[in-house]
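*Asks:* Pulled these from TrEMBL:
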COMPBIAS  831-841  compositional bias 'Basic and acidic residues'
COMPBIAS  918-929  compositional bias 'Pro residues'
COMPBIAS  939-949  compositional bias 'Basic residues'
DOMAIN    24-130  domain 'Cadherin'
DOMAIN    131-237  domain 'Cadherin'
DOMAIN    238-342  domain 'Cadherin'
DOMAIN    343-447  domain 'Cadherin'
DOMAIN    448-557  domain 'Cadherin'
DOMAIN    572-668  domain 'Cadherin'
REGION    789-819  region 'Disordered'
REGION    831-860  region 'Disordered'
REGION    904-949  region 'Disordered'
SIGNAL    1-25  signal peptide
TRANSMEM  682-704  transmembrane segment
Amino acid sequence: MEKMSKLSFAKWPLWITSLLFCVTAADFRYSVPEETKTKYVIGSLSKDLNLDSNRLRIRKARLDYQEDKRYCEVDLDSGNLFVSERIDREMLCGTTSPCLMHFEFVLENPLELHNVVLEVQDINDNPPVFPKDSIKLEISEGAPTGSKLQIARARDLDVGMNSVQTYILSQNKHFVLDTKSNKDRYVDIVLKNSLDRETKGEHSFILSAVDGGNPPKSGTVVIEVFVIDVNDNAPLFSQPLYNTRLSENAVLGTSVIKIAAIDVDEGANGQVTYYINHLSDNTKELFKIDEKYGEISVIGQLDHEKASSYEMEVQAEDGGGQTGHCKIVIEIDDVNDNAPVISVKSLKNQIPENIPAGSEIAVINVKDQDSGENSRVSCSISTSLPFKLQPYIKSYFIITTTRSLDREQIENYNVTITATDGGTPPLFSNKTLNIQVSDINDNPPTFELQTYVVYISENNKPSTSVCSVSANDPDWRQNGTVLYSLVTSEVNGVPVSSFLSINGDTGVIHAVRSFDYEQFRNFTVKVVARDNGSPPLSSNVTVKVFITDENDNSPQILYPVLDGKSLMTEMVPKTTVSGSLVSKVIAVDADSGQNAWLSYQIVKSTDPGLFTIGHHSGEIKTQRDISESDSMKQNLVILVKDNGQPSLSTTCAVNLLISDNLSEVPELKDMTYEDNSKLSSYLIIALVCVSTFFLTFIILIVAVKFCHRRKPRLLFDGAVAVPSTYFSPNYAEVDGAGTLRSSYNYDAYLTTGSRTSDFKFVSSYNENTLPACGTLMKSDIDSNMLHQSDEGECTEQKPPNADWRFPPNQRPGPSGQHRFHTLQQRWTPYEKSRAGAHPDEAGASAGVIAGTRPWPNPPTEAEQFQALMVAANVSEATATLGPRYNPQYGPDYRQNVFIPGSTATLMANPQQQVPQQALPPPQALPPVEAPKAAQTPASKKKPTKKDKK
């Protein structure tokens, strides 16, 4: 009975709510049996609304519940309403019938609300249950027949036919069931026969309650009736119904009401005990009654929002088992104890910065669970934001924009919504929405400078970094990603891309080529910065590039001019006095600034004290009066040097004749030159001779290899065999170098008593690139690898020297580092000639070094010619064009010898070489017959008397 009371009172608010909704017209009404499995389709909302599933998804269809539990959901794919959670009608509605669920079907864009009523149909899933398993009753033995005993009815949570329909009492002699009773809460058991306590003081039987379900369910209770003495008065309340009111914030222990029942009996039959019947579990936790005094008090926290009223039945029972009943109704008064609740129904988290004013960005719902004035809600947001809040439908509000946005100024907004109710004091709540402003490409890149001015030195390396430009774009991501490029233009008629390149990502500008200050000194380019937006925005900036000068140009001689056939010679009168201007050297430098400041000085002259030159003017003047003892021909070598760091220089030769007229200078008649056509013929003949000689040499090597003949020979790559008369018996080692790609090294085993020599093959080097700097150099005595050349000599071209045309008996002996480097050089092994320190260790202080001994047998003219040919062939493959002497040993003639196959020119003096100009060809000499060698242009020249001097 106690359990039935709890369930009955718990469902009263839901029953009242359902009753109110029953009289409200609903848009849609569906029904579903309780305990239906999930995914059970209740109905099709899409068909009822005439909307397809795509429209439901676009319009964000959903069900809006007022409770926490969601028993139904909408399938957006099919538009069906289906069961999403188990539905227990008894838990949901209790005894209320019909059991109705109300919720709203929400559609957005535009906003639509449809009321949906779902009727939960009862099934017979609960049996009848009596409040107690056994009931003990007492009856006076003097009770007349027809007396009734009231038994609390069984409670069946089901409704309708599924509830209790009949009661059945087990067979007994004294009691029967009153089937005509229509009381809702009690079953009357009628005394059929009088009782005799002395015969039987206790009677027991079973009462069954049966519902109308299919199949029916039943519940039973054991009734024990005790026969007592007569107690003919039951407790009686002063009124059958009590009404009272209570605030929902009543503290624990608050007295609700005090009731009393009067029993006129005496003794134990007059003592009354109070009970509360039919309390639900929730009500049991809220109220209790004092069994002795009948006072009802609060024991739990009341909440008007959960239940606005409570009904309970109080039973008064005396000591004899007589009972009286009354009904108590408690109304709960609302207190403003609930703040408004803000729910976001729709929100655009990201909005573009160009969104128009008045655009909808959010839909919110605000509810207050209080009632009356306490539930009236007002909402607001900050007026400083570019948004406003507008009421929409019922408790719904929308947030719209009031003006255009700019992400570059503010990229996100925190919109705080404040909801305040109408209670006293009012309660409020806040909800903050974070709204991101998405970027639109509305800002072009901006350069840090309006114009970039950069300086770069000429002769720069390609890919040198010139400068770096930088542009900023306040837009975001790809809209703010800047790419750089050069504007297509021309510099001196050449595309700018052939001068500069730019890194598209970093803006670093690199030089594509090496610049020349003498070609152009500055130019201007434009750089475009373009973002990655759609459409892209761009801006440009001007970059001015200035090229700074470097000292990369040697001075150029303008005067004296050296024409193709003769040297310019100036006449100086014999009567010239000291300080007279005799000539002037004019030079220019293509550089600028101090790199073009020129200075002049005489580095070599026939008579050092006769002439001087202006340091900056280049004017050649006499230092003293010219005397008869002065040489008629005066040769000056002028050095012109600029002021760069490091400085560059060039030299020129100035030829002066001290004479009053040309008739006094007969030597000028000899200063003629062969014409170009004759010289070309000589060159062709020399080339043919050298080639023929080379082929003969190859054939000779092959023959020697197969015949193994021991004959005097000198084998080295690309060179000819030198007669054995050129070598002294004391010379033991030879190092070869030539023009072939392969280099062969040999050890010569010579004896002092024999003019023949044997060569032992050591190694062969066949390299892709063989430096053409090998000459006959002295090797270490115990070294087997003879090809060890100085790399320093490979990179510098040695100055030419014409002294190789001297006969051997007229050659001055070199000293120090000035040694022979021709094929006629002779070496004396240190071990076989003398004792003492090794020449390489002793240095230049050694007494006698290689090459200083006189020739043992002066060669004939034919041998000289053959040596000349060998020297020409060696000079063709080496950077050393002739023997090197100290300057004091230079001859006094200026003949240039052109070596076939080489662009180098042999001059009389290395310091008389003029850059980029070749001296006129030498005079033709009478040919010399050579019995063993082919004729070359060089061999046709006979030394004149002046040469022999």
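Yeah, the Cβs are placed from backbone N, Cα and C, and that goes for glycine too.
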*Asks:* Of the stretches 24-130, 238-342, 343-447, 448-557, which racks up the most C-beta pairs under 8 Å with the domain 'Cadherin' (572-668)?
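*Replies:* Comparing 24-130, 238-342, 343-447, 448-557: 448-557 has the most Cβ pairs near the domain 'Cadherin' (572-668).
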*Asks:* Can you count helix, strand and coil residues in the domain 'Cadherin' (343-447) using DSSP?
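*Replies:* The composition, in the requested order, is 4 helix, 54 strand, 47 coil.
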*Asks:* If you run through the domain 'Cadherin' (131-237) with DSSP, how many residues end up as helix, strand and coil?
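*Replies:* Secondary-structure composition of the domain 'Cadherin' (131-237): 3 helix, 51 strand, 53 coil.
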*Asks:* Can you tell me how the residues of the domain 'Cadherin' (24-130) break down into helix, strand and coil by DSSP?
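*Replies:* Per-class counts: 16 helix, 40 strand, 51 coil.
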*Asks:* Over the domain 'Cadherin' (24-130), what does the predicted model average in pLDDT?
*Replies:* 84
*Asks:* Per DSSP, what is the residue count of the domain 'Cadherin' (572-668) in each of helix, strand and coil?
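*Replies:* Per DSSP, the residues of the domain 'Cadherin' (572-668) fall into 10 helix, 43 strand, 44 coil.
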